[in-house]
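Colleague: Okay, here's the structure, questions in a sec.
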Amino acid sequence: MEQYETMSSSQDKLYSFLKILNQGEDITSHKVRGHLETKVQTFLTNFSPTPKTLYFSRHGESENNVLGKIGGDADLSPRGQQYGLSLARHMNAQNIPNLHVWTSELRRTKQTAEGINASIQHLAPLNELDAGVCEGLTYEEMADKYPQEFAWRDQDKLRYRYPWGESYVDIMSRLEPVLLELEHEEHVLVVSHQAILRCVLGYFLNKKPEELPYINVPLHTIIKMTTEGYSCRLEFIKLPVECVDTYRQQPKNFEDYSFMEVALRVTHSSLMSSDRMKPRSGDWANCSTSRTSKDALLTVPSHFESLNFWQVNGTHRPLIEQH
């Protein structure tokens, strides 16, 4: 039975509107014009409140992960290869109908997914955040070589753009078509990277933008997301393959910059620091551009994570989160 109620025949002729029947089975667009209205139309024509299940996983541990290096296009480590085999066994055993696998174009995601019995697509928008001149450096090397870049990144990790690289805001923009596709897809496994999956999960969980850079997306873990209408349920399935811990906590004793200070730092991103603003006085801890190298690395993770975090009463049962 049709439940759509018009405003009035005369008003319908005057105003812009979208008429959606039966969860998108029939869509009528009237006088939609301009950027904002078009964006709303694009979202609503892709959104589906019907229940669906999506799967997310970072690539297996890479050689650069073991060395603590940022970005790059490294191959999997031996343990990363073992995770790829375990991931394939797990997904193949589920017999998921019409499963599709999406990976980035980087080697470590392709190698992780290659054993899964499903159609596999390699998508450029799923590539890891480009760290520009810092690609291939360790955090220690970045703090030593570009101390101010390291500090400015900690001060505003969301908007900070690596010199000749990207920011989280940049990858949020390029992920838009992927997110719209995921809105009406089901039974998709996305094998991607830490920053990318932070943005994807943050989108579905309705996180604030400032929270995205600090969402913990551990290695060697399958995240199963079941959506029902406007809520979702996350299940973290840790596969029993050891790996390093790449999670960096938010720096301590952080004070907010004013909007203008942040804008200047983001807009004038360069390797030269002589023309940059000096940090204002205050207790900046490891966000300060004048801190020591030791202070700068307070939030860098120690490698080789313990699997005990994921154990529930001595087992590897999945962790469940309801959102």
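Just so you know, glycine gets a Cβ as well, placed from its N, Cα and C.
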Colleague: What does TrEMBL list, out of R107, R108, R153, as binding the same substrate as R58, H59, G60, E61, S62, E63, N64, N65?
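Modeller: That substrate site, as TrEMBL gives it, pairs R58, H59, G60, E61, S62, E63, N64, N65 with R108.
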Colleague: Pick the one among the recorded positions R58, H59, G60, E128 whose Cβ has the fewest other Cβ atoms within 10 Å in this structure.
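Modeller: Ranked by other Cβ atoms within 10 Å, the recorded positions R58, H59, G60, E128 bottom out at E128.
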Colleague: In Å, rounded, how far does the Cα of H59 (active site, tele-phosphohistidine intermediate) sit from the Cα of R108 (substrate binding site)?
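Modeller: The separation of the Cα atoms works out to 6 Å.
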Colleague: How would DSSP class R58 (substrate binding site) in three states?
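Modeller: SS state of R58 (substrate binding site) = strand.
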Colleague: Using Cβ-Cβ distances, find the residues under 8 Å from N64 (substrate binding site) that belong to the same chain and are at least 6 apart in sequence, listing them in sequence order.
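Modeller: When sequence neighbours closer than 6 are ignored, N64 (substrate binding site) has I70, G71, G72, A74, G136 within Cβ distance under 8 Å.
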